[in-house]
Amino acid sequence: MPKRLTVLEAVLFKQVCHQYLASGSLSEQLILDFKETEFMDSSGIGALVHNFKAAKSKNVALILYHTSPPVMAVLSLTGLDEVIPITSTLETAQPSPGLPQPPETHPSVCSWIKRTIDIVGSLVGLLITAFLFIPIAITIKIDSPGPIFFHQTRCGWLGKRFRMTKFLLCASMPKNSRRRWPTKHKGLSLKIRMTPV
């Protein structure tokens, strides 16, 4: 697999996989070595899903081998790590003595005690922050007659949309009701806008 699996590489990846699956001699497994791949975007994900479905239709098991942490993060974010088989060891592969072994995962990552402390700590933090929401909301309501919260839809990782809610900390008034300060010269006047600091 290439170092980066983006739009250009994804097209070639689909073509090569399609040519292999169209050939008459197919093995039971199609193993993709992701050892060199450091980055994969949504086009790479799309090509991987397309090839996975095409291999499945030909009764060929598509297996990802030696996925790097950035690629694994993208796969787990999209949920493909639960759909496509991923392995770090193959029965046919001979281990290379010169390659360094990845460090072992720290035992605290799998600890239920640490997980419980993390959840309880975050709940305590949210509770403390909730007490600050009330005076902030009252201050905003006194300062401006508009809504307290501002809702916005944003685009996140791999184009996934999410809704964000913030306190509305700006004045909501029509443009024609803004104050104008006269200048010494006739004609142009200076517009003063209310911008909170």
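Heads up, the Cβ atoms here are built off N, Cα and C, so glycines get one too.
From a predicted model like this one, the values you see are computed outputs, not experimental measurements.
TrEMBL has this to say about the protein:
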- 1-97: domain 'STAS' (DOMAIN)
- 119-140: transmembrane segment (TRANSMEM)
Three-state composition of the domain 'STAS' (1-97), taking helix and strand from DSSP: 45 helix, 16 strand, 36 coil
Within the predicted model, mean pLDDT of the domain 'STAS' (1-97): 76
